[in-house]
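Peer 1: Okay, here's the structure, questions in a sec.
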Amino acid sequence: MLLAVDIGNTSTALGLFSGEELIAHFRIHTDRMRMESEYRVILKNLFALEDLPPPKAALLASVVPPVEREMKRAIERLFGVEARVVEAADTGLEVLIDNPREAGADRLVNAVGALAYPSPTGRYIVVDFGTATTFDLVEAPNRYLGGAIAIGPQTAADALAQRTAKLPRIDLTPPKAAVGKNTLEALRSGLVLGYAALVEGMVRRFKEEAGEALVIATGGFAETLRPLCPCFDVVDEDLTLKGLLRIHLERG
């Protein structure tokens with residue numbers, strides 16, 4: 001029984017695996033101000049709510065060190081198991097970038113998750129929608145080749161609302177048409193259709209440089225963009241959690 005935890009800048013995903021089956025999945029707000037005791041209460045309540053058995057092991061991927069520290073302590077105190085934080089060496093990947101230490105844990109774990117899918121060319125492009133959107137190029141059997149980082153769609157929408165006097169906050173749903181007839185539809189066109197064009201363009205450029213690849217989309221915005229991005233071969237919102245499971249099973 002593995003508790004897999006993906007700590008992102010905006011939200012934290014938690015998945016409980018029994019063998020290779022994901023039996024429970026939660027998402028909570030990432031709060032840098034929460035203490036270990038608060039995370040312990042949250043975890044206790046979530047497990048009680050679903051009547052879940054305690055994990056036998058825990059593995060964390062994190063891009064937020066303060067939250068990582070408190071979450072690790074909370075898991076260890078509540079369940080009495082060691083909560084390991086994934087390092088690059090744990091992934092078994094050959095990280096072929098200028099400074100391998102710069103590669104985010106979530107991106108490397110995504111790469112491990114992607115490699116579980118069959119790819120006709122042995123290459124993968126992973127698109128992860130979060131606070132930032134990342135594009136990563138991966139090659140079988142275990143090579144991480146680099147990628148690109150862009151602003152996340154919700155981050156872009158929040159920035160527009162915060163830094164302009166008259167533009168409102170909106171929900172990121174696809175518009176009826178590219179040519180908006182009011183401010184809300186114009187914003188949705190720019191933020192949703194514009195973002196789809198960004199994704200399609202980046203994937204095309206990756207393929208021009210590296211060759212054909214299996215494109216896997218993950219993160220909260222992936223499902224919204226699925227009908228707008230024909231470049232997606234797979235949408236897997238649990239890719240990071242599955243990558244953590246694979247590391248746990250293969251590396252111990």
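In case you wondered, yes, glycine gets a Cβ from its N, Cα and C as well.
Source: prediction; values computed, not measured.
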Peer 1: Can you find which of THR91, THR121, THR131 Swiss-Prot lists as binding ATP at the same site as ASP6, ILE7, GLY8, ASN9, THR10, SER11, THR12, ALA13?
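Peer 2: Among THR91, THR121, THR131, only THR131 appears alongside ASP6, ILE7, GLY8, ASN9, THR10, SER11, THR12, ALA13 as ATP-binding in Swiss-Prot.
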Peer 1: Rounded to the nearest angstrom, how far is the Cα of ASP6 (ATP binding site) from the Cα of GLY104 (substrate binding site)?
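Peer 2: Distance between the two Cα atoms comes out at 12 Å.
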Peer 1: Among the binding-site residues ASP6, GLY8, THR10, THR183, report those whose Cα falls within 10 Å of that of ASP106 (active site, proton acceptor); none is a fine answer.
Peer 2: ASP6, GLY8
Peer 1: For THR10 (ATP binding site), which of the binding-site residues ALA105, ARG107, ASP128, THR183 has the nearest Cα in space?
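Peer 2: Closest recorded candidate to THR10 (ATP binding site) by Cα: ASP128.
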Peer 1: Report the nearest neighbour of THR183 (substrate binding site) in space among the binding-site residues GLY8, THR12, ASP128, comparing Cα positions.
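Peer 2: Looking at Cα distances from THR183 (substrate binding site), the smallest one goes to ASP128.
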Peer 1: Restricting to the record's substrate-binding residues (GLY104, ALA105, ASP106, ARG107, THR183), give me the longest CA-CA distance in Å as a whole number.
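Peer 2: The substrate-binding residues span at most 38 Å between Cα atoms.
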Peer 1: Based on DSSP, name the secondary structure state of GLY8 (ATP binding site): helix, strand or coil.
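Peer 2: For GLY8 (ATP binding site) - judged by DSSP and reduced to three states - the answer is coil.
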